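As given in TrEMBL:
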type     : residues : note
REGION   : 1-41     : region 'Disordered'
TRANSMEM : 87-106   : transmembrane segment
DOMAIN   : 116-275  : domain 'AtPDCT1/2 transmembrane'
TRANSMEM : 139-160  : transmembrane segment
TRANSMEM : 167-185  : transmembrane segment
TRANSMEM : 205-224  : transmembrane segment
Amino acid sequence: MSASATETDVSLRRRSNSINGNHTNGVAIDGTLDNKNRRIGDTNTQMEITAKKTDNGYANGVGGWRSKASFMTWTARDVVYVARYHWIPCMFAAGLLFFMGVEYTLQMIPARSEPFDLGFVATRSLNRVLASSPDLNTVLAALNTVFVGMQTTYIIWTWLVEGRARATISALFMFTCRGILGYSTQLPLPQDFLGSGVDFPVGNVSFFLFFSGHVAGSMIASLDMRRMQRLRLAMVFDILNVLQSIRLLGTRGHYTIDLAVGVGAGILFDSLAGKYEEMMSKRHLGTGFSLISKESLVN
């Protein structure tokens, strides 16, 4: 190595961290070099020291009860850091404490009473309007059915036309799980339910309440659109999904919990479909995943 290269290397490594005075690369230089320009006095970074402690048995239980507990090393500075940079978990921690108090003080709904639903309370006025205007209810139900058709068309299109099966697999997972859960616990229709012959499922037939396939299907389509950078179309679907949820609450077609779980189900089954694709791709030795046979691709 040339002398100039060595000088450059040393100058870069002697930069100090303004926070704790240590060198940014974790290498301490004691100011002396031997005759061969080799560094003397290398030290470990704090992260490396922590890793060594873990390797020595802090994590695997060897001497774990004898060593100092993690919380005993916390300082006020650590608390401030957590509150500042990890405020989202802090908010959930506050929510945990709040709802623990709610759970121990809330009076349960009597067995013969209608279920309490906060979404129903928020949409009382909409329910009264739709109850007094059957034609408006029919129009909104028809628009909702069109939106469901849009979701279905997009999800099938991604597979049959674009050759991407993730959204289709996700929808298959989701609706199968919805059928199992919906049949396992059959919730009663609210007394002020407003049905329509043009609402999906068309014909005003019975349907599973838990969870909302309308919302979950829209989430699956929206997530696929975002992956493909179709951001404006995804935003349109998200807005329509919100409007659809409000209408479903107004007509008492779903409980609030059905809609909330529908959002989570869309995200969950989209993730599971992605893991399924990844697993099948590895199984086929990196040749890629496709629901189309190799013979069809060749022909």
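Note that Cβ sites are derived from N, Cα and C of the backbone, with glycine treated the same way.
Unlike curated entries, TrEMBL annotations are predicted automatically.
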Tertiary contacts of the transmembrane segment (205-224) (same chain, 6+ residues out, Cβ under 8 Å): 144, 147-148, 150-152, 154-155, 158, 164, 166-167, 170-171, 174-175, 178-179, 181-183, 185-187, 189, 234, 237-238, 240-241, 244-245, 248, 254-255, 257-259, 261-263, 265-267, 269-270
Residues of the parent chain within Cβ reach of the transmembrane segment (139-160), under 8 Å, 6 or more residues beyond its termini: 130, 166-168, 171, 196, 198-200, 202, 214, 217-218, 220-221, 224-225, 237, 240, 244, 247-248, 251, 291
